[in-house]
Amino acid sequence: MKPLLQELLDYNKHFVTNQEYEQFKTTKSPDKKLVLLSCMDTRLTEMATKAMGLKNGDVKHLMTAGGIISHPMGSTMRSILIAIHMLGTDEVMVMEHHDCGFGALRPGPMIDAMKKRGISEEVIETLRFTGVDLDEWFYGYDNIYDSVRENVDKIKNHPLMPKDVAVHGVIIEPDNGEIELVVNGYDHI
Ligand SMILES: [Zn+2]
């Protein structure tokens, strides 16, 4: 069997030769002026946008584990700020989902899995000594509604976020694409 990388690169040659890129042609500026932050769940790769009628070129789409911003000065928040200040977007939507692997994540099994892949106890202890709280970092959440609200607040209240940016929060059902509105960002501008 072909290694995955080879399979992908071979496909790419056909993709370019057959001009399949034509169907995706668009500009760098988003047509809908929205940044969508969703979970990286594979079920959402296309459904997150298709369930709302969005197509290639419509929105800036970021995907992280859980759709969560873990650090106010990390790369996810930076990406949102760049989208707002430099790339013509003026609304943000946080999309979390039911049956989320990240939500159910707990530090014990995650650390056990890392040890099985060769990460030593020593390394984990050293990180703990240097103030890295792995137990917090690898803890999903207890309540998805609270998680959406916290995530929205983190973006909305970020010191570098303009006050007139609407930050919405939704939950999607990965089985049928149904979206539940949790925070209507227009109510908080
Ligand atoms: Zn998820």
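In case you wondered, yes, glycine gets a Cβ from its N, Cα and C as well.
The Zn(2+) binding site annotation in TrEMBL covers C39, D41, H97, C100. The Cβ of C39 (Zn(2+) binding site) has M63, T64, A65, G66, G67, M95, E96, H97, C100, F102 as same-chain neighbours under 8 Å, each 6 or more residues away in sequence. Under the DSSP three-state reduction, C39 (Zn(2+) binding site) is assigned to strand.
Same-chain residues at least 6 positions away in sequence with a Cβ under 8 Å from that of D41 (Zn(2+) binding site) are, in sequence order, H97, C100, G101, P174. The local packing around H97 (Zn(2+) binding site), expressed as other Cβ atoms within 10 Å of its Cβ over all shown chains, amounts to 26.
According to DSSP, C100 (Zn(2+) binding site) is assigned to coil rather than to any helix or strand.
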